[in-house]
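First comes the structure, then the notes that go with it.
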Amino acid sequence: MSDNDDIEVESDEEQPRFQSAADKRAHHNALERKRRDHIKDSFHSLRDSVPSLQGEKASRAQILDKATEYIQYMRRKNHTHQQDIDDLKRQNALLEQQVRALEKARSSAQLQTNYPSSDNSLYTNAKGSTISAFDGGSDSSSESEPEEPQSRKKLRMEAS
């Protein structure tokens, strides 16, 4: 943020040349006071934006130090959250792949039930493993599955 952001300051060059030296000095002092007030307000705004400084009286150096610490902390936190999002996306893709494989195994098991074989209780899934007709195509035990089917949730993708 530069000194010129959000502030309208008249320059000395915009004034007519016929002003006295005292008028020029007064005008220059007013512009300088306005610039200093803007800087002061900006430091107060920055101080109030940093949680560890809110409402405290702090020097400009302390405000800058704490603001720097807070920005670094938030960057680390954002990086960690982005890693979590990436991990969840990978996990979601893996789970969706497993769901598709199980649905495919279930549909192939249902097709095989239409063609009676010598043993109607065992079928072969897409991986070539033998499964029970009562298994639903799952390679895991039924003890680990929830009693109610969980609805699939889509991961909301945000533009980054």
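Going from the start of the chain as shown, residues are counted 1 onward.
Keep in mind that glycine also has a Cβ here, set from the backbone N, Cα and C atoms.
So that you can see what the record holds, here are the features copied from Swiss-Prot:
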type: COMPBIAS; residues: 29-40; note: compositional bias 'Basic and acidic residues'
type: COMPBIAS; residues: 107-132; note: compositional bias 'Polar residues'
type: DOMAIN; residues: 23-74; note: domain 'bHLH'
type: MOD_RES; residues: S2; note: N-acetylserine
type: MOD_RES; residues: S2; note: phosphoserine
type: MOD_RES; residues: S11; note: phosphoserine
type: MOD_RES; residues: K66; note: N6-acetyllysine
type: MOD_RES; residues: S107; note: phosphoserine
type: MOD_RES; residues: K153; note: N6-acetyllysine
type: MOD_RES; residues: K154; note: N6-acetyllysine
type: REGION; residues: 1-40; note: region 'Disordered'
type: REGION; residues: 81-102; note: region 'Leucine-zipper'
type: REGION; residues: 103-160; note: region 'Disordered'
type: MOTIF; residues: 152-156; note: motif 'Nuclear localization signal'
- Item | Integer Cα-Cα distance in angstrom, S107 (phosphoserine) to K66 (N6-acetyllysine) | 60
- Item | Secondary structure content of the compositional bias 'Basic and acidic residues' (29-40), with strand meaning DSSP E or B | 12 helix, 0 strand, 0 coil
- Note on the structure: Min neighbour Cβ count (10 Å) across modified residues K66, S107 flags S107
- In the region 'Leucine-zipper' (81-102), how many residues does DSSP assign to helix, to strand and to coil? 22 helix, 0 strand, 0 coil
